[in-house]
Structure formats: C-alpha cells, structure tokens
Amino acid sequence: MRGKRIVFIMCIGMFLCMLDSTIMNITLPAIQHDLGTTLEQSSWMLNIYTMTIAVLAIPLTRYATMVGKNKVYIGGLLLFGLGSLLCGFSSSGTFLVFSRFVQSLGAAALIPLSLVISISALPNTKRAFALTLLGATQGLSTALGPSIGGAITELLSWHWVFYINIPLCLIGVLACLRFLNVKNEEKVKAKMDGGGLLFSTVFLFSVTLVLIKGNEWGWNSGYAWSCYILSFLSFLFFIFIEKRVKSPMIDFSLFKDRLFLGSIFTASTGYLFLIGVMVLLPQFLTRFQGKSELEAAFLVTPVSAAIFLFSQFAALLVKKIGFIIPVVIGFCTMGVAYYLLSKLTVESTSQQIVTLCILLGIGFSFLIATSTIASTSNFEGELLASSQSVFSMLRGVGTVLAVAIFVGSLTAQMNTEKQKVVNYAQGVLEKSNLIQNKEELLQLTSNVIDANNEMMQEEIIKSSIHSKFGNQNEEENVQEALAVKRELQNYVANVSKEAKYKMGESFGNLYKTAFPFLFLCAFLGLSLRFPFIKRRI
C-alpha cells in the first residue's frame with residue numbers, strides 16, 4: 001500500500017510539470033496584453049521551459065543518484081513552486097522569462113525522477129501499475145494544459161495559471177516527507193562527469209536553440225549554421241569523453257536495447273504529433289472560429305479525457321499481446337485524427353472538432369502507455385535512472401521540435417494564403433470606386449489581414465478616410481465621405497470573409513501534409529519488431 005501511495009505522490013509532480021508545458025499556449029495573448037511583451041519575450045516564455053528540461057534532465061538525474069533521488073525530488077517540487085509563485089507575481093516579460101526558467105529547473109528533476117522513484121517503490125510484478133498511471137498522467141496533463149489555461153484566464157486571470165501550482169507543490173512536499181525515505185536512501189558513489197556535463201549541455205542547448213529560433217533566423221543563416229557546427233562538435237566530444245570516464249552520465253549500453261530504442265522513437269514522435277495539435281488548435285478556434293478561450297478549452301478537453309480513459313486499456317493490451325499492435329493502433333488512430341484535421345475549415349462544427357480530439361487522445365494513449373512500459377522493462381537501478389533521464393530529454397526535444405515544425409510550417413502556409421488574399425483584394429478594388437487609393441489600400445490590407453473583422457474594418461476605414469480628405473471640413477464633404485465609407489465597408493466585408501476562409505484553410509493544409517507521416521510511423525513501428533511479452537510486466 002505504501003508503494004502505491006508513493007506512485008500517487010509522484011503523479012503530482014508529473015502532472016504539474018507536464019501541465020505547465022502547454023498551459024501557457026492559450027493564455028499568452030492575455031499575458032502579452034497585460035505586460036506589453038514583445039514577440040521575442042513571448043516566444044521565450046514558452047520555449048525556455050521545454051528547452052531547460054531537455055538540456056538538464058540528464059545531469060540532474062545523474063546528480064540525484066549521487067545525493068539521493070528523494071531529496072532532489074523534494075527540492076524539485078520546492079523549486080517548481082517558487083518558480084510558479086514568481087511567474088504569478090511577474091510584472092514584466094523579462095521577469096516572467098526568468099521565473100519560467102526557475103520553474104523549469106524543478107521540472108527537469110521532477111519528470112525523470114517521478115518514474116524512477118515510482119518503479120523503485122513497487123515490486124516488478126506491480127511495475128505496470130506505476131507505469132500506466134504515470135503514462136496516463138503525462139498525456140492527460142499535457143492535453144489538459146490549454147483547457148485549464150483557457151478556463152482560468154477567462155474566469156480569473158492569467159496569474160492564477162501559475163498560482164494553482166503552489167498548493168499542489170506544498171501537498172506534494174508534505175506527502176514526500178511523510179512517505180519517502182529521505183535520511184537513509186540509497187546513493188551511488190561516483191563523481192559528476194564534468195566534461196560530459198559541459199558538452200551534453202552545449203550540445204542540447206545548441207540543438208534546441210536552433211529548433212526554437214530557426215524559423216526566425218532562417219535555417220540556412222549564419223546563426224543556424226553556428227548552432228549546427230557547435231552541436232555536432234560538442235556531440236563528438238561528449239561521446240569521446242563518455243567512452244573513457246569511469247562514471248559516465250549516460251550508459252551507452254542503453255542504446256543496444258532494441259526495446260528502449262523503440263520506446264524513445266514512439267514517445268518522441270507521439271509527443272511531436274500531439275503538441276502539433278494542442279499548440280495550434282486552440283488558436284484556430286479562437287482566431288478563426290470566433291470561440292472564446294473558455295469555449296476553445298472545452299472543445300479540446302476530449303483529448304485529455306480519451307488519454308485518461310484509454311491508457312489503462314492500452315497497458316492491458318500490451319500485457320496480453322506485446323508492443324507491436326498497440327503501437328500500430330496508436331499511430332493509425334492519430335493518423336485518422338490528422339486526416340480529419342486536414343479537412344478543417346472555419347465552418348467545421350463543434351461535433352467534428354470533438355470527434356477528432358477523441359481520436360487524437362485515443363491514439364496518443366496507446367503510444368504513451370506502450371512507450372512508458374517499454375522504456376523501463378529491461379532496466380534496474382542505475383540503468384533505470386539513466387534510461388528515464390534520456391527518455392525525458394528526448395521527449396523534451398520532441399516537444400521543441402513539434403513547435404518548430406508546426407509553427408514554422410503554419411507560418412509559411414499563412415504567408416502563402418495571405419498573398420492570395422491580397423490578390424483577391426486587388427481584384428475587388430478593380431471593380432470598385434476606390435481605385436485612386438489602390439496601392440495605399442492594398443498595403444494597409446496586407447498589414448492588417450491577420451486581425452479580426454472589426455479591427456480590420458476600423459483600421460482601413462479610418463486610414464482611408466483620413467488619406468482622402470485629410471483635415472478638410474467634414475461637413476463640406478459629408479456626402480462624399482459617407483459614400484466612400486460604404487464602399488470601404490463593402491470592400492472590407494468581402495476581403496475579410498476571404499481572409500478568414502484562406503487563413504483557416506492554411507490549418508487544414510498543414511495537417512494534410514502531416515497525416516501521411518503518422519501512417520509511415522506505424523509502418524516503422526512494425527519494422528522495429530518490438531519483442532512480444534511472454535512474461536508479466
């Protein structure tokens with residue numbers, strides 16, 4: 001019974017960390033408005049979290065095996081709670097970025113240690129219980145992030161998105177002090193591998209940095225190539241050092257285990273395709289379907305519900321028939337969800353959105369349950385801790401990669417569609433009486449085309465009327481001004497309708513390109529030939 005209680009305590013830390021990886025996605029506009037942050041700062045508010053986890057998961061897990069995993073876990077909870085408090089108090093974008101960094105330091109320790117401590121607390125015959133529960137918690141909290149963030153932002157304020165973490169952190173710390181052995185826990189007698197720490201940090205930092213900034217810099221820019229070269233060289237030095245030290249940060253025998261390789265492939269790609277939806281779908285619902293943050297939150301909640309409900313079934317299926325079939329089911333089900341996403345338009349109904357969200361959650365539940373069990377099946381002790389640090393690191397990289405790929409691709413799609421709207425606007429102008437202001441009006445239209453209809457109409461009418469009449473007496477030109485205003489209103493109505501349709505269509509086109517890759521992943525899952533389980537997990 002004590003072991004199961006420890007597993008539930010570990011779920012608190014896992015839930016908080018994975019929740020905060022996506023909870024800011026839908027609250028960011030409110031934060032930008034309140035703090036007046038730049039796009040650069042807003043980007044780092046999101047990315048510093050996953051970046052720090054990816055970079056520090058391995059060294060912090062190694063440190064925990066040397067000083068005590070339970071102590072470091074409690075320290076991680078306290079640090080995460082402190083970071084959350086600072087985030088809520090933030091009055092500037094710069095301070096919020098720093099506070100998110102503090103928060104992510106705690107998360108980098110909590111995520112891998114949650115799995116390691118849970119598995120160590122139970123006998124091998126009960127290992128599947130811990131893995132299934134933690135796997136479901138990971139997926140559930142990741143998918144719940146936008147829903148909870150949207151609801152809290154609309155009902156309270158964005159500050160409470162962070163404040164809600166604090167009582168859970170305190171409960172977790174008190175529970176750890178009650179049930180975990182802090183004084184006499186097992187430790188590994190070894191020294192920290194300084195060279196490995198340095199070069200692994202440089203390698204992961206440069207990789208995640210170029211993934212985050214690549215779209216802005218340009219993938220062939222000097223900055224990007226600096227990161228490519230730095231990451232390649234630091235990786236070579238890391239391998240060279242790790243092969244020669246007595247206590248390496250990563251035991252490379254992990255990568256000889258086919259089951260472990262399959263698990264990190266499945267988890268990384270699963271998170272990539274989940275995040276690719278959870279980051280962008282709420283934005284589509286609020287910007288192009290006119291939903292409120294709360295409505296958008298409720299519409300994406302079925303992803304979380306499906307993950308929670310089907311994870312246990314997926315784990316039982318793994319226990320009965322092995323890993324292959326659940327992996328294939330997971331990728332194919334997510335593939336169907338992506339196919340439905342490829343048909344997404346501004347006219348898509350709530351029922352269609354809910355259906356694809358349910359399928360996405362079901363598919364991901366099979367992948368996360370299977371990969372979590374597979375990642376630990378063949379390891380004990382130090383190898384187990386090492387496997388989970390690598391697993392957490394690659395999952396973090398997968399999350400960063402998802403944002404880079406999907407946001408970058410969507411930006412390119414929207415720029416293409418935006419030019420089509422400008423061409424359409426030009427055709428509308430040719431048939432109107434506004435031809436004398438054509439170039440100026442087209443430029444203004446291009447500048448505000450991403451805004452909503454009311455903002456677009458207000459900006460275009462205000463600027464165009466002022467451009468035509470300047471400071472002339474309004475009474476003398478009232479009839480002409482009214483006529484021009486009516487022409488402008490018709491112009492804006494036609495162009496904004498086309499813009500809404502085209503910008504919304506870019507989302508569908510993005511997923512149309514992506515969904516075949518999920519079926520390719522299903523095929524690769526077959527080719528990896530996971531061993532079937534002949535024993536109880």
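Quick reminder: no glycine exception, Cβ is built from N, Cα and C everywhere.
Owing to the predicted nature of the structure, the values given are computational and were not obtained by experimental measurement.
What TrEMBL lists as domain 'Major facilitator superfamily (MFS) profile' is 6-537.
Residues 37, 42, 45-46, 49-50, 53, 73, 76-77, 80, 84, 96, 103, 106-107, 110-111, 113-115, 117-118, 121-122, 129-130, 133-134, 137-138, 140-146, 148-150, 152-153, 157-158, 161, 165, 168-169, 171-172, 175-176, 179-180, 275, 278-279, 282-283, 286, 293, 296-297, 399 of the same chain lie 6 or more positions beyond the ends of the transmembrane segment (7-31) yet place their CB under 8 Å from a CB of it. According to TrEMBL, the feature transmembrane segment maps to 7-31 (among others).
Per TrEMBL, transmembrane segment is recorded for 43-60 (among others). Same-chain neighbours of the transmembrane segment (43-60): 17, 20-21, 24-25, 28, 31, 37, 72, 76, 93, 96-97, 100-101, 103-105, 107-109, 111-112, 192, 197, 200-201, 204-205, 208-209, 212, 249-250, 389-390, 392-393, 396-397, 399-400, 403, counting only residues six or more beyond its ends whose CB sits under 8 Å from a CB of the stretch.
Residues or ranges marked as transmembrane segment by TrEMBL: 72-98 (among others). Within the same chain, residues 10, 13, 16-17, 20, 31, 35-38, 41-42, 44-45, 48, 60, 63-64, 104-110, 113-114, 117, 159-163, 165-166, 169-170, 172-173, 176-177, 180, 182 sit at least 6 positions outside the transmembrane segment (72-98) and bring their C-beta atoms closer than 8 Å to a C-beta of that stretch.
Same-chain residues lying 6 or more positions outside the transmembrane segment (104-122) and placing a CB less than 8 Å from one of its CB atoms are 2-4, 6-7, 10-11, 13-14, 16-18, 20-21, 48-53, 55-57, 60-61, 64, 69-70, 72-73, 75-83, 129-131, 133-134, 180, 372, 376, 384-385, 388-389, 391-392. Residues or ranges marked as transmembrane segment by TrEMBL: 104-122 (among others).
If you look up TrEMBL, you'll see 129-148 (among others) marked as transmembrane segment.
Here TrEMBL flags 160-180 (among others) as transmembrane segment. Within the chain carrying the transmembrane segment (160-180), a Cβ under 8 angstroms from the stretch's Cβ atoms is held by residues 2, 5-6, 9, 12-13, 15-16, 20, 23-24, 27, 70, 73-74, 77-78, 80-81, 84-85, 87-88, 103, 117, 148-149, 152-153, all 6 or more beyond its ends.
As annotated by TrEMBL, transmembrane segment applies to 192-211 (among others).
Residues 193, 195-196, 199-200, 202-203, 206-207, 209-210, 213-214, 217, 248 of the same chain, all 6+ positions outside the transmembrane segment (223-241), place their C-beta atoms under 8 angstroms from a C-beta of that stretch. Per TrEMBL, transmembrane segment is recorded for 223-241 (among others).
According to TrEMBL, the transmembrane segment annotation covers 261-284 (among others).
If you look up TrEMBL, you'll see 323-341 (among others) marked as transmembrane segment.
Tertiary proximity for the transmembrane segment (353-374) is limited to same-chain residues at least six positions away from its ends with a CB under 8 Å from its CB atoms, namely 115, 128, 131-132, 134-136, 138-139, 143, 259-260, 262-264, 266-267, 269-270, 273-274, 277, 281, 285, 299-315, 317-318, 323, 326-327, 329-338, 340-341, 530, 537. Annotated transmembrane segment per TrEMBL: 353-374 (among others), in sequence order.
What TrEMBL records for 513-532 (among others) is transmembrane segment.
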